[in-house]
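Here's what TrEMBL has on this protein:
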{"type": "COMPBIAS", "residues": "1-14", "note": "compositional bias 'Low complexity'"}
{"type": "REGION", "residues": "1-20", "note": "region 'Disordered'"}
{"type": "DOMAIN", "residues": "133-151", "note": "domain 'U2A'/phosphoprotein 32 family A C-terminal'"}
{"type": "REGION", "residues": "175-199", "note": "region 'Disordered'"}
{"type": "COMPBIAS", "residues": "216-238", "note": "compositional bias 'Basic and acidic residues'"}
{"type": "REGION", "residues": "216-239", "note": "region 'Disordered'"}
Amino acid sequence: MAAAPGPAPGDAFAPLPPPLETRRGRAGAMKLTRKAVLARAKAAELDSVRKLNCWGSCLTDISICRELPNIEVITFSVNSISSLEPMSQCQNLSELYMRKNSVPSLNELFHLKNLPRLRVLWLSENPCCGPDPHHYRMTVLRNLPNLQKLDNQAVTEEELSKALVDGEEITAPPAKRNLENGCPEANESSTTECTAEPKSEHLNFTLEETNKIREQLGMKPVPRDKFSSFSPRETDGSRKKRNNILNAILLLMKELDTEGLEIIHQTVGKRLQALQKKELQEER
């Protein structure tokens, strides 16, 4: 595949680095590398990494997490991760975001039971959640009773008491599968999935995720009653194009420094003003 063309003379932006450098393992497994972790965390050594954000990076292998003893916050939402075992030794981990991955079984919670500081977990929209939301939540809380927030919902004392009765206690890790570097063996189709254009589901942001992105850009948060109006209404073709552009922008944005973000902020602000002015004129 030919490299993307650089900016034409006079363009405001220099070429940006790739959003996340990963290594393709056997049959297309996407492995998070040491180099990528250090670049993303802007750290010199793995033991100095405190926060790591690899949202929407098509990752399957996160075995590098075993080498992050001081990590406190991990964001792996919207990937293809199937095992929580690599985080089992992260004793300082306090927040883990794993929404929309491929965690198959609640038995994976066994790997988090000995993390004394874990207070926030986001595990929704994984296969392990199953068809019964109550059983899922009660089982998570029975095994991780120190959680203060689960799936963006505060944990109550009443829930913790109910979890002792309604939740399932997990006493052993999941059965070993055919793993390579801590990830299930991928097939040819998974290779295609990881190299294809980003899925539109990656843009199914929650209100909280949307407002975190807006906060990074210095923009005001979206009110809850206005959030639904941000849903795309395009045809399939235009929606796919829009989704691809958005994914590229959001992933690249994480690599920018303050100066770069300020340029984007100014550009976005001007664009929003123009669109809002246009909408007001159309309403009259």
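Yeah, the Cβs are placed from backbone N, Cα and C, and that goes for glycine too.
Summarised by DSSP class, the composition of the domain 'U2A'/phosphoprotein 32 family A C-terminal' (133-151) is 11 helix, 2 strand, 6 coil. Looking at the domain 'U2A'/phosphoprotein 32 family A C-terminal' (133-151) alone, the prediction's average pLDDT is 97.
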